[in-house]
Structure formats: C-alpha cells, structure tokens
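Shown next, in structure tokens, is the structure this report addresses.
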Amino acid sequence: MDFQERDPPFLPESAQSSKPSSAQQASELWEVVEEPRVRLGTEGVMPERQEGHLLKKRKWPLKGWHKRYFVLEDGILHYATTRQDITKGKLHGSIDVRLSVMSINKKAQRIDLDTEDNIYHLKIKSQDLFQSWVAQLRAHRLAHRLDMPRGSLPSTAHRKVPGAQLPTAATASALPGLGPREKVSSWLRDSDGLDRCSHELSECQGKLQELHRLLQSLESLHRIPSAPVIPTHQASVTTERPKKGKRTSRMWCTQSFAKDDTIGRVGRLHGSVPNLSRYLESRDSSGTRGLPPTDYAHLQRSFWALAQKVHSSLSSVLAALTMERDQLRDMHQGSELSRMGVSEASTGQRRLHSLSTSSDTTADSFSSLNPEEQEALYMKGRELTPQLSQTSILSLADSHTEFFDACEVLLSASSSENEGSEEEESCTSEITTSLSEEMLDLRGAERCQKGGCVPGRPMGPPRRRCLPAASGPGADVSLWNILRNNIGKDLSKVSMPVQLNEPLNTLQRLCEELEYSSLLDQASRIADPCERMVYIAAFAVSAYSSTYHRAGCKPFNPVLGETYECERPDRGFRFISEQVSHHPPISACHAESENFAFWQDMKWKNKFWGKSLEIVPVGTVNVSLPRFGDHFEWNKVTSCIHNVLSGQRWIEHYGEVLIRNTQDSSCHCKITFCKAKYWSSNVHEVQGAVLSRSGRVLHRLFGKWHEGLYRGPTPGGQCIWKPNSMPPDHERNFGFTQFALELNELTAELKRSLPSTDTRLRPDQRYLEEGNIQAAEAQKRRIEQLQRDRRKVMEENNIVHQARFFRRQTDSSGKEWWVTNNTYWRLRAEPGYGNMDGAVLW
C-alpha cells in the first residue's frame, strides 16, 4: 500500500529538547490542525467536492513521490492513478479525513493525514491549490463535527422487536398435528419469524456501522492535543494518549471495520459494555476531577446504549432461529419423517442452513414442491441473504478509514486464507454456535445444499469425512536434487518420489471440477441466455477453488489405459475419465446429467523455472445444456506454484478465459485471472464481464477464485458462487475438500463393479492414502516399469494404443479432440466388468 510508516509530525509544544536548532526549526514548521470548533450559523454549510492531482509519497524511503488523482467528497478522500480509474471504481485507497489527525506544513506545502495505522504524505505544488485543499479538508472535518450530536444515535436503532413477538412454543407444537406435506408447507409459509429476523439483522448492520463511527470518534478525541486525560484506573475503557514516537493499539479493536467481520465483532463489543458501565458509575462517583468534556461523555453513553441494543437485537434473532431449529428437529425426529419425501427434508434443511450462513446463493432446485411452496421458500431465502453477505460487508468499506493496497499478502497464500468465507461465516458466529450440533446431525442434507445435490434424487450412502491416515511431511525429500537437472524440462516425463504426491489421480482431479455442478443445474433452468452465461462463468471459476490448499503436493500421473468412474446420484451426474495418450499425456473425461453434459480432453506442460513450477494446460472444456441446445466451450489458464524449493508454497492462476456459446452468438464472456504483482493487491483476483455481440457489458463479474464470484458493481454485488467451507483438519488430509475426500473411497460393493483399470484399485495410490510410504514408493516404481515394458513391446510390434471408452475426432482444420464412445456404462451394466478381462496395468 502507498504509505510510509514514521512518527507523527512533531507538535510545536513538544519540540523542546536538546536536539540541534535545525531539528527544532524543522519540527516547528509543522502545524497540527486542531479539531474544528462548532460555530453558530454554520449548521447549513455543506462542504464542496474537491478533486485534482496531488503528489503522494511512496511507500519505501528515498523512493520519492508519485502523482495520484484525489477526490474529496463527504469527508472521504479517495485516490487512484487517474480520474478514469476513480470513475471506474479502481481505487488505490481511501482516507476518512474526519477521523484523521491532520498536520500541515505551509512552507513545504505539505499535508499529512494520520489515521493512526498509516500516515499519508501529500504535497501540493501551487500555493493557491494548497490553500484550497486545506480549506476544503477543514470544511469536511467541520461538517462531520456538526453532524456528531445528531448522528450519535442511529435512525435504525429506534425500533426494537419485543421478544413477545417471536414464535411461541404453541406455534411449534401445532405443527406435529399436521400431515407431512402440510407440515412442511405450513412451516415454509410461516414467514413472520423470519421477517423479523431479516429486519433485526438489517438494523443490526446499521447499528454496527454507527458503533464503529462512535468508536473512531472516541479514539480521535482521545489522541488529539485537547483530549482529556483519563485516570489509570479506567484503563479498561480507554488508553493513555501515545507520546511522541510511540504508537499504541486501538482501544477496543485492532483492525478496521472494512477488514473485520460484521456481527462477529458483537462478541467483543458485548465484552466492552460492562467496562463502559463500570466506567460511567465510577465517573459519577469520583467527583469533578478528570471528567471528560461533554461531547466525550456523550459519545461514551451513546456507544454503551447502542451496544446494548445490538446485543438485545441479536438475542431476539437467536431466539427466533432456535425456534426454527426446534421445529426442524421435531419434524426430523417424528415418525412421519420416514414417509416424507427426501426432497422436502432436504429443502427444509437448506432453508435452515441458509439462515445460519446467510449465503447469497439461490437454492438449486425446488422441483419437489408445488409452485406456491417454491415461491415462499425462494422469497424467504432471499430476504436474509443480502444483509449479511460479503456483498453488504464490502459495501460498507467506502465509508471507513482503512483501505489498503496490501502487497504483503503476495508473499504467502495463507495470509488471506478463506477471507471471504471467514467474513461471511463470522457474521453469524454467535447465532450458529448453538445450532452446530444439530446441523452436524443433519450434515447429509447440508452437504446436499452446499455441494450441489438436487432435491428429489437419492442421497446415496454416507461418505467418509477423513482419510485413513494423516498426510505425512515431505520435507525430507530434496527437491533441489531432483529438479536442478531438469530446469526447463517437461516434468511430466520426470519420475518423482511418492512423498510429493497426494492420494488422488489426475483423472480424479478432472472429476473434482464438478464439485459445483449445481451451477450447471441452475444454468439449465434459466431462460435468459446472458444469465445462463453468468452461471457458466461461475462454474469455470469454481474449478480452481480446491487448489488453494493443495500447493504442496501433486496428483499421481495416470498410466496409459487407466480409467476412473464417479457415479453420484445425489448430485445427479455420472462421470468417466481415461488416459488416452501417454506421449503427450492426454486425459479425457465425460460427465452426463439430465440437465447438462460435460466433457474435455486436457494435456499439461510442466516447466520448472528455478523457484516456481508452471503448469500450462492445453485443451478445451465443453458444457452442453440440452434444454436450450447450448454448447459452451472455454480454455483453461496457466497455474504457477511459487516457492517450490523453500518457504511456504502457494499457487496462483493467471490468464484469460474466453467462454462462448457455439450455438448462440448473442453474448460471450471474458474472465481474467489476475497475475500477482508485488505492488498490487490483486492476488487471486478474477475480473470479467458478459458482453453482447457488439461488445457492450451486460454483466460485470468480480471476486477471487478461492473465495467467490460476484455480479454487479464493485465493491458490492450479488454473490453467484462461493466455495464450501473446508472440512475439519483439512491440513492433515492433504488440504482436500469434502468432495475430494470422497473421490478415492472404495467400498466392497463398488469394488465388484469397477473395471480392473480403475484408479481406485491402483496400489501405490492406495498405500499412500493409508500412510504406507515405503510400500507406495515400491509399487509406484513397479507400475512405472510395467508401463515402460508395455510401451517397448508395442513399439517393437508396431502396435498403436486404442482408447477403450473414448474416440478421437478431427475437424477440417486438423484440430483433434476426444469424445466418449458411449460404451462404458452399457458394459458396466451388461455383462459387467467383473465378467470381462481387462488390461493389467499394475
């Protein structure tokens, strides 16, 4: 970010020291602008908008100044490289001048704005322009001062829903007397409690904004020269004003509201309320000595009262959600639940889950309910989601102090681990804590909602939630000894130790791209072709989300003729893949569903460049939606693993994805995976747009490939997709998602149905999953030698390998691709692979 950490400008009265006279003179040139005093007759004066180019000091010392375009409006000073960037919303940062300590140097025509965390140094060339900027900054600070008495209590704090209006036990007890479908329908239609929850959460959000503003006002009053000195026994409420050259942390929080969570902060605010109460009592009983000014005491009382209201509102919401939980549990445990359709049970579970996580995604399917029930459930889910989603959290950021360029996060992928997910999930941390045990009891239905199950489809058998053995460290493997002789070579031809692998195969990684197949199901139900393109784009981005925690290991390379199947009735698709070529290595796959078809053939080129490993995919991803006759195709972007030999490995994806519908040219989509730069904060960011035939932007997309994709203007927007939360102890399970944990699972029934070439039967991969490293390494060497022997025999006899379940096609331009020959599932059913001879691969 563009700022330089240094001591605040010297105060004139603090310049009395034994330093040389030149230092004293230099310090006396700086003037700290005092807090504006309210004057009669100024209430109606509104500050003007000020904009123009200013010089801003660079982050690093001795690096000089650079020109930035600044806009001062409503007390917020935004800056960017050019005026066009301001218009487009591409800001480098923003400063709340109302809550900053302002210092000016008239001789040097400089302005310093101290936000406590950062100091922004500005220089203005023209004396007239300098005076104009100083005057406008003073005016905006004065306007904020005038508004403080009126705004100390927010307008949203006036209404409070009494606890008597919450759903009563009588309402809950009335449900068991109804039939199964009538009970669910009545529950879905009863929106009074959820309406109040929605309203309460909306008001809480406004109250939290006001609490943050009051908190910053208190801190601002506390650190300016005229601030009162609070006795040391009141340290629980405030801290001593920092002396020259020393900086202290904030009083009640350590991060800005723009970076912190929203409702997750309530726990800390609640902890501060008793301290404020004790402070006010002790203040009243301690006489007039050390009393703060009227404004300071008024702000403290306002903060205490508003925090009490936030706590009361959240208690009401918790009571309402607890009642919803009890109703769901009663229906789940009732004897008639076994006669209730799976679709209704999963729909009810999705409803409760949407309340607890405040997800901004639309429910995937309502096919099992009648139209009235569909509409009721849809409206209920959408009423709550805009208010606690990342969209609304991001929209608050413009009005607060800390806007960072944040180049530090480039050095470690873990520095922003699951930021978007944490922000959203922490919003309801206190509420969902009491629901977590019940949610675990119904985790199958929860996975259905988050993972993409379609209501009305069978749930399938229970899935495992961890690997048989924890992942072992691979630090004892000398990567440098392996790679130093292979710089610039294709690493797909280099044999690696098994410790560098994860217990999944490249064929299974192709299937992992279908983790969010619910996006394709959703697209198949949308009539607008441009809207369908938005969900196809979200699906293309979601394929990369699972790689965020997987930079430390690589998948097994499949041998020629190896296959993999994945039949998921709960998700509504079945998938097959096969290694159709060895040199070059090409993996082909095909998935089919009643709503979509998905296929691709992909080959990778791996290059080692000393400190990073670059993976360049070559091929095309295809998706067809039979309902509309659409055929979408797009390319994949380059992936790069950094710090291969030392430090914390992290992965990034960069390049441009072009999505087009070969059957409809009315729109197309371009998505850019931004490459990390040292001086930029766009690590892991994606930016894109759905464009019309003429190039007009129809939908603007933005987000991060590991956190979510949003539609609309930044920083707000509608959440189209966000990744599922990671399983517990995912670090001990190779960083696998829940879906990845299930890919290599092998049951006795499934083993009887698989062909002998299926990846699940590969011994080296199975041994690694079980933690037997020595056996895995021995089996890996044996399997690789068998493949070399087979290839030698085929070359000596001029035998060309023929793929078993895929066939190659070529167009008039010579482009080749692989498609399924539609024999896999037919042979699996009759005569069955257990009754057929297969290739011996291991």
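Each Cβ is built from the backbone N, Cα and C atoms, and glycine gets one as well.
It should be emphasised that the depicted structure is a prediction, and the values quoted were computed from it without experimental measurement.
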From the candidates S27, S226, S471, the one which Swiss-Prot records as phosphoserine: S226
Phosphoserine per Swiss-Prot (candidates: S103, S256, S694): S256
From the candidates S186, S249, S272, S415, the one which Swiss-Prot records as phosphoserine: S272
Candidate annotated as phosphoserine in Swiss-Prot, where the set is S94, S217, S313, S436: S217
Among T171, T322, T620, residue that the record in Swiss-Prot marks as phosphothreonine: T171
Secondary structure content of the domain 'PH' (47-142), with strand meaning DSSP E or B: 25 helix, 41 strand, 30 coil
Mean of the pLDDT scores, which run from 0 to 100, over the domain 'PH' (47-142): 87
CB contacts for S217 (phosphoserine) [other CB atoms within 10 A, all chains]: 22
S217 (phosphoserine): secondary structure state under DSSP, collapsed to three categories: helix
